[in-house]
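> I have a structure I would like to understand better, so I am pasting it below and will then ask my questions one at a time.
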Amino acid sequence: MAKRPVATSSDDELPFEIEEPVAADERAFFGGQPQKPAAANAKAALPASLAAQEHYHGHRERLRDRFREQGDTALADYEILELLLFRLIPRRDTKPIAKALIERFGSLAGVFGAPAALLTEVKGVGEAVALDLKLISTVAHRTLKSELRSKQVLSSWSSVIQYCHAAMAHETREQFRILFLDKRNVLIADEVQGRGTVDHTPVYPREVVKRALELSATAMILVHNHPSGDPTPSRADIDMTKVIIEAAKALDITVHDHVIIGKDGHVSLKGLKLI
């Protein structure tokens, strides 16, 4: 959510604050060699740890076969995550880990959006696995961003929202992001201008406009997230947006919209006719 100004920048501009071993056979002592177990009983004679490994390796193959033959629609979210964890944790049963991650963070998106420090709090997830999960998340974000670069942003609005949601919806702190556009409304730069706390982040309107001039941008889309999940704008969100619009207008820079991202949706201030 957003708050009124609480601090100053280096230029005295008041900022707006926008608001996871088998025992020996005794028969050997009475002469003769110990009898070998029958082939049919060989599996039962395996140590418990080896039997468990045999079971989950068989499970892995069955899960891979389902994915190969039927695609992702045949698998639950935790099974998709389990398939991935096969590669990251090769010698363990990853099903309990996948289920624990989904339970902790609520969804696949929640898992990949969670900070690495929180991921390592889940039993079975070490620093290396957490880093790999964040790397996969980064690849997904970069893929979505690359799709925006060759398009006119305003005519690809669903792609804009999809990218912003993937990048920001599961952040645990508020961040203020700006999409800078050229005269054809093609993306020039996507920059995080500020990071704050769980319910606010400072925004300096003059710095926003200054950065647009440095990039030779002629338009902007403002975006910030609400970690609470509720994208409803606060009065300070609206007021801050209007200040930026006026400052940008004086330099012939257009602010197309201010979008607020929540876990389950988004709000467009322009769509609500608030700007």
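Every residue, even glycine, has its Cβ placed from backbone N, Cα and C.
Source: prediction; values computed, not measured.
Feature annotation from Swiss-Prot assigns Zn(2+) binding site to His224, His226, Asp237; the stated evidence is sequence analysis. Taken from Swiss-Prot, the feature domain 'MPN' covers 153-275, and the record attributes it to sequence analysis. Marked as motif 'JAMM motif' by Swiss-Prot on the basis of sequence analysis: 224-237.
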> Secondary structure at His226 (Zn(2+) binding site) (DSSP, helix/strand/coil)?
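DSSP assigns His226 (Zn(2+) binding site) to coil.
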> Mind checking how the domain 'MPN' (153-275) divides into helix, strand and coil residues in DSSP?
41 helix, 39 strand, 43 coil
> So which of the binding-site residues is most packed in, judged by how many other Cβ atoms lie within 10 Å of its Cβ, out of His224, His226?
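Ranked by Cβ atoms within 10 Å, first place goes to His224.
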> Including all protein chains shown, what's the count of other C-beta atoms within 10 A of the C-beta of Asp237 (Zn(2+) binding site)?
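For Asp237 (Zn(2+) binding site), the 10 Å Cβ neighbour count is 26.
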